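S.K.: I'd like to ask some things about the structure below.
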Amino acid sequence: MKPTTIASLQKCKQDKKRFATITAYDYSFAKLFADEGLNVMLVGDSLGMTVQGHDSTLPVTVADIAYHTASVRRGAPNCLLLADLPFMAYATPEQAFENAATVMRAGANMVKIEGGEWLVETVKMLTERAVPVCGHLGLTPQSVNIFGGYKVQGRGDEAGDQLLSDALALEAAGAQLLVLECVPVELAKRITEALAIPVIGIGAGNVTDGQILVMHDAFGITGGHIPKFAKNFLAETGDIRAAVRQYMAEVESGVYPGEEHSFH
């Protein structure tokens, strides 16, 4: 199978073809996703909650991300593999570069970092040194203590304009992808149309170029609170492989996420 690349997603945006992505943390699920044609995966710091059982992503370490990245890469050798840099792993550009090198050696094609304009120098440093960067704006879970919980971001003109400004700044600095989490559909549309790079949404409506879900949400095995934007595809299909295919089909057709999964 031909490897999926950042250029593959850029072409999807140009062709207005929606694409699905998903989190993965181990060999077996990564192989299953790849076998079904789901070839863009994220080793997210969400593993702190879904795999390790913490109540936030904050305890996750670079070593944790590298371990799971290596496992996923073995299961999906041709996927486009993103890896989160966890909390406090990119407080300075130099620290970001050192930690990015660790997860890239483990098998990542790209690192994802949370934050806006304050990350411009970090994004420049990484991209100039051949480390592709995916930005992450909106609800950034590593900032949960500042936000006071998991809340929709970017409501109101001022907040929306700031997120758009952040997105443009990250793109100008060299970011090649952007994740938008828990923002109003109207703002997600503005940002997606303003950027040349692909935008991946989670809780941002069906107006972004791609979608991502935490795999546990997609299969209905999340403990505790279920996010509004989540959909249990396993409940509808009764089979994990069929659930993956259904998720991909609904994203590509624009059926998912629906109005019931979106914010305004």
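We number each residue from 1, going along the chain as drawn.
Including glycine, each Cβ sits where the backbone N, Cα and C put it.
It should be emphasised that the depicted structure is a prediction, and the values quoted were computed from it without experimental measurement.
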S.K.: Taking Swiss-Prot at its word that Asp45, Asp84 bind Mg(2+), choose the one of Glu98, Glu114, Glu117 listed for that site.
M.R.: Glu114
S.K.: Counting all other Cβ atoms within 10 Å across every protein chain shown, which of the recorded positions Asp45, Glu181 scores highest?
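M.R.: Counting Cβ neighbours within 10 Å, the top one is Asp45.
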S.K.: Hey, does DSSP put Asp45 (3-methyl-2-oxobutanoate binding site) in a helix, a strand, or just coil?
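M.R.: DSSP assigns Asp45 (3-methyl-2-oxobutanoate binding site) to coil.
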S.K.: What does the structure give for the C-alpha distance between Glu181 (active site, proton acceptor) and Asp84 (3-methyl-2-oxobutanoate binding site)? Integer Å is fine.
M.R.: 14
S.K.: Just the number: how many Å between the Cα atoms of Ser46 (3-methyl-2-oxobutanoate binding site) and Glu114 (Mg(2+) binding site)?
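M.R.: With the alpha carbons as reference points, the distance is 13 Å.
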S.K.: Got a sec? Which of these binding-site residues, Asp84, Lys112, has the most Cβ atoms within 10 Å?
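M.R.: That would be Asp84, with the highest Cβ count within 10 Å.
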